[in-house]
């Protein structure tokens, strides 16, 4: 892609998200979401592959439906109450429509089915943007509305997302679909605790973005899109391949890695709210996710591809380039757990 066009699209992505962040009026928030959507669609279709064009089309139709529903919800609320402020969404009908629209925007269950199909058609760089940056603007709206909702819809959508994310990734062989179901599961954890601790939701979102960035960049460095291709990682980047299982286990939430922090704190918060059944189901869904992360770790670290030659490792023509973003995100993914008290204090003050 032309660098000038790429710069314009990335600037529009940032502008759309910042517009939604800064807006207190529904029309401005809707406009920011639309700028965001229109900016990422050319990035999705830049490969001119039929699968990429299909993914871009599905994403456009889904986001258009969500944006239309959100605009209808805000218009209905203005008609009923005379208010256009985001925090003044008080009538049950606009509240239900807005929650459905935002859930469709970010891929929460039960309106999640577009996310694995869209992510499967994208390259890993655009998939990283879709899985991280594109979640920020809808989450900003959801956090502003969390005082208007009762806890039950968010709890139901949250636990349903964790279960769908766990079950959906079990039988997958495509890495991008596995990461899509991982995204659905992590979003469920965030939504479950949003009503009780918005600061913990923000902490979980930042840690999820850090961990997901490290995994996407690792797969991009190894040029892997399926589980079978992970077996070739040793010959491409041995040091990164040795580190990658730890990154995957951190994403699954095993101690003493960073991914354990948000799950531990969320289960603790749910227990304080006397939601023991919900906390138990969430912990069991984390075990489902752990299974397919272990599959990826096993394929990456403990298998080699079938080879009839005497030498079983392929020749490394050139060493991988040093990626500062990968180094930073990987370090954070592995080593932030001891800083839990300081991070909690930072987000609660």
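Every residue gets a Cβ built from N, Cα and C, even glycine.
A quick note: this is a predicted structure, and the numbers were derived from the prediction, not measured.
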Transmembrane segment range according to TrEMBL, out of 191-217, 299-325:
191-217
Do you know which of 20-43, 92-115 TrEMBL annotates as transmembrane segment?
92-115
According to TrEMBL, which listed range is transmembrane segment: 237-254, 255-272, 327-344?
237-254
Can you identify, from 131-150, 151-170, the stretch that TrEMBL calls transmembrane segment?
151-170
Averaging the per-residue pLDDT over the domain 'NADH dehydrogenase subunit 2 C-terminal' (290-344), what integer do you get?
73
Closest-packing stretch to the transmembrane segment (237-254), where packing means Cβ pairs under 8 Å, from 60-80, 92-115, 151-170, 275-294:
275-294
Taking a Cβ cut-off under 8 Å, which residues six or more beyond the ends of the transmembrane segment (275-294) line up next to it in the same chain?
155, 159, 162-163, 165-167, 169-170, 172, 178, 182, 185, 188-189, 192, 248-249, 251-254, 263, 266-267
